[in-house]
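Visitor: Just passing along the structure, written as structure tokens.
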Amino acid sequence: MESTLKDIRDGASVLDLDPKATVGGGVEDLYGEDFATEDQLVTPWTVSVASGYSLLRDPRHNKGLAFNDKERDAHYLCGLLPPVVSTQELQERKLMNSIRQYQVPLQKYMAMMDLQERNERLFYKLLIDNVEELLPVVYTPTVGEACQKYGSIFRRPQGLYISLKEKGKILEVLKNWPERRIQVIVVTDGERILGLGDLGCQGMGIPVGKLSLYTALGGVRPSACLPITIDVGTNNEKLLANEFYIGLKQRRATGKEYSEFLQEFMSPVKQNYGEKVLIQFEDFANHNAFDLLAKYGTTHLAFNDDIQGTASVVLAGIVSALRLLGGTLADHKFLFLGAGEAGTGIAELIALEMSKQTKCPIEETRKKIWLVDSKGLIVGSRKDSLQQFKKPWAHEHEPVKDLLDAVKVIKPTVLIGSSGVGKAFTKEVIEAMASCNEKPLILALSNPTSQSECTAEEAYTWTQGRAIFASGSPFDPVEYNGKTFVPGQANNAYIFPGLGMGLVISGAIRVHDEMLLAASEALARQVTQENFDKGLIYPPFSNIRKISAHIAANVAAKAYELGLATRLPQPENLVKYAESCMYSPVYRSYR
């Protein structure tokens, strides 16, 4: 065996390498892959050296027709493949041509998931090189439909399913996962999937999709990523009655049973993977999301993308839009439709940044921000009946029953939708915004597209082309009065991959609000005048890896500044360091 394990760096045998976790975008491979450059030979290890038919069935090492003649001979592949030798670039062109033949987005999603299951590097090569085209396929809005139909399209397990049946043995379940050095976990309980509600165990599509973006956009190694679904039941009657439903067929656990089960999950995660594993809470219902973040944000490297990631990306859009609107954050007035995780999270980060800029207490800067929920404007007279996370936004004002009246009374310069209620920004609402603003900033953030508060065409048309618009789901360019408007997408994918990479490369042990502000500032700086000329307040996704490297560097710098980083000494050039740590999907040559 030792004869096959050749020295790969500085004359050191791979058997003598220190098996510590790397500081880069993944876990350390003791058998050479993490140390090898793209032109060096690596050994395709699984439990043993993969060869023959098993190598073709191993998605991490399979290259399909790109195995050259020498590799086919050395790894017993002769006869198992047609004789032609392809390149990765040719494979990419062929697959993109095939995917473009599908008319139904869900078919494209399934084609991409099939590719991920058989050829991991080619999957990420496609996604990185065609990110603007494929991002809506592998994530929002298509992933929402995929989750709704997950039971029917389920083929091969991806990630860990931890249900109430595993109570008392969660550590054992975690140890069943084949990778030991996990750096990023995305976990959901499926109760609030996008704007689609309780999808129970079928919410697994969200962690899987998110982690594919951590790799493609942020450069975190796939083997360092772990998607997890916590199955505590579902209250979705259609799923409970569906014979194809893949989860527990019982109503959701709540209260003490739920909190104890989550505690039993969080403790062994830290025990098994260490203090520096990032745990991203995803699509938990409001009543649990805030409690979990408050409880575990001080004891774990925990992050809620719906609360913190959304807030960071929206703040970045607002900060960049100020170059079009003029003034500072404190010069503007904000009105939200939706006072859940996203709405209150965005509002709090805006208030925090405003407080930082003006040196005013956050209690004062919050007064520039108003929220509307299902019962109307959140005001002081409602304070006793409000959930705890809404109370900071209960300002003194007469009751206002609906959004239109709130716009007329508050006269905001920025209107933000995070309600999950499609078409909530009516013509009257947007016209009211246009009547009191030369350039109203309208952010319709709810996903998927069907739940968006308004479309790009509606925003531009009803404001006579004066709106600055961005949305949570993608919209096509709009022609109005001979001018083409390109709507921006306030997609969390701008933030969380770079944020995660920044936490990984710095070895951070906690997520601090200052890191979220640092991520926002880095993203806002990437918007160019050319982008503004097209009406964009976010940079194009085609540059996402460069954007993520700058975000990672800014986040890591803040971690070092706050004393929360453990990877010492601090690299001199954090941007270059982040880029060097990013996973490359280019095929490796096998010895």
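The backbone N, Cα and C atoms fix where each Cβ goes, glycine too.
Predicted, not measured: the structure shown is a model, and the values here were computed from it.
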Visitor: Given Swiss-Prot annotates Asp306, Asn447 as NAD(+)-binding, which of Arg180, Arg181, Arg192, Arg567 belongs to that site as well?
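Guide: That NAD(+) site, as Swiss-Prot gives it, pairs Asp306, Asn447 with Arg192.
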Visitor: Compute the C-alpha separation of Arg192 (NAD(+) binding site) from Asp283 (divalent metal cation binding site), stating it in Å without decimals.
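Guide: Arg192 (NAD(+) binding site) and Asp283 (divalent metal cation binding site) have their Cα atoms 5 Å apart.
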Visitor: Residues other than Arg192, Asp306, Asn447 within 8 Å, Cβ to Cβ centroid, of the NAD(+) site?
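Guide: Apart from Arg192, Asp306, Asn447, the close residues are Ile193, Leu194, Gly195, Asp283, Glu341, Ala342, Gly420.
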Visitor: For Glu341 (NADP(+) binding site), find which of the recorded positions Tyr139, Asp306, Asn447 come within 10 Å, Cα to Cα.
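Guide: The recorded positions close to Glu341 (NADP(+) binding site) (Cα within 10 Å), listed in sequence order, are Asp306.
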Visitor: Under 8 Å Cβ to Cβ from Leu335 (NADP(+) binding site), same chain, six or more residues apart: give me those in sequence order, or none if nothing qualifies.
Guide: Trp370, Leu371, Val372, Ala406, Val407, Ile410, Pro412, Val414, Leu415, Ile416
Visitor: Roughly how many angstrom lie between the C-alpha atoms of Ala347 (NADP(+) binding site) and Asp306 (NAD(+) binding site)?
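Guide: Given the Cα positions, Ala347 (NADP(+) binding site) is 13 Å from Asp306 (NAD(+) binding site).
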Visitor: Relative to the Cα of Gly338 (NADP(+) binding site), which of the recorded positions Lys210, Glu282, Asn447 has the closest Cα?
Guide: Asn447
